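To keep things clear, I will list the structure first and then write my remarks on it.
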């Protein structure tokens, strides 16, 4: 529904028809094709020939006060004639439908020819026939809209005819120039060029190209120009109701994609007259522009403030998250260290327990061996001629003495020393002095008598390294 309303509003703005019902019928008759409906309507009701009034007129509609918006005109609003009656609508509707159908057929044929031409041109360029009109290689074209192309053509033509000292006309379509003026908080200066009007050359040379006027326009306005021989220039002349040329106007963007006509100057004017009119409308519109600029600045400041607040919040949030991550990492590190310490403690405790258990087992085994060796010695015999008295000295200075049968082997002496449990080592040797004799493994089977230790002997325990 919004698209239909926009098409009706745009059709009203371009054609000047205020009756929404009639606009709806015309658009419906042309299949809601806005461009086709406007083209057919303007070709039936208007011609690009310029009509001149007998007397020059200047219609000024600036804002009456700083608190009131400017009157809307053209694309906009302004005085209109009495709308056609219902009978006229009924009479003209069949013709509009027939004309729209013919326009659709013509548009389809034109589109086919254009597409075929484009394909042929592209094919020729692909095989090397990329030549201009004079046989020179043509540079690649940048794709631009039709309105922008018309604006660029007007600027080039104006420069050729009147030189480069001129208002800085924007080489864009009218709506783009209007948006540019709105974004720059300036008014839009509009010049509609009628090439065939007798007053046009003199006006352009002496007024529009006046250095003081050019400097004032370039500093305070966004300038747009268009030829009424071009499509958009002709449509703007209809929208702004241009009745005499040369034609200048000052407009600004209004609501609902419409424009407000603040000042229009028709007919030849001197530089001073045009400058005075522009200064007046600029002074009268200054409060509106200043207010718009302040509102935009306030919006930008609010946006920047929100962005700064959002950035500060995000920074604080990231800092909090970083601190939380750091806290969690520290906690995890401490937990890992605690777990590692606990693991090591348990391992050490288990190792100690295992070592203690093994030591206990070894001690028990040694005790059992000592007991077995002690039992194997039998009871100590009483003194007699076949009994040998043996004294054993340990490295600690401790001394042990016992009687053995003289037939007892050296091995029994080793078993006796082991059974006492006075040594912490398992390897040792029994040694006698004067002369020094070591009773090693080769003498274990000798009896005490055969070894020369009877009737008594004194032996030392020598630890083996």
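Cβ atoms here come from the backbone N, Cα and C positions, even for glycine.
Per TrEMBL, the listed range annotated as region 'Disordered' is 321-363 (candidates: 235-277, 278-320, 321-363). Residues 48-73 are the range that TrEMBL records as region 'Disordered', among 22-47, 48-73. Across the range of the region 'Disordered' (321-363), the DSSP-based residue counts are 43 helix, 0 strand, 0 coil. Break the domain 'UBX' (383-461) down by DSSP state and the numbers are 14 helix, 30 strand, 35 coil. Averaged over the domain 'UBX' (383-461), the predicted model has a pLDDT of 89.
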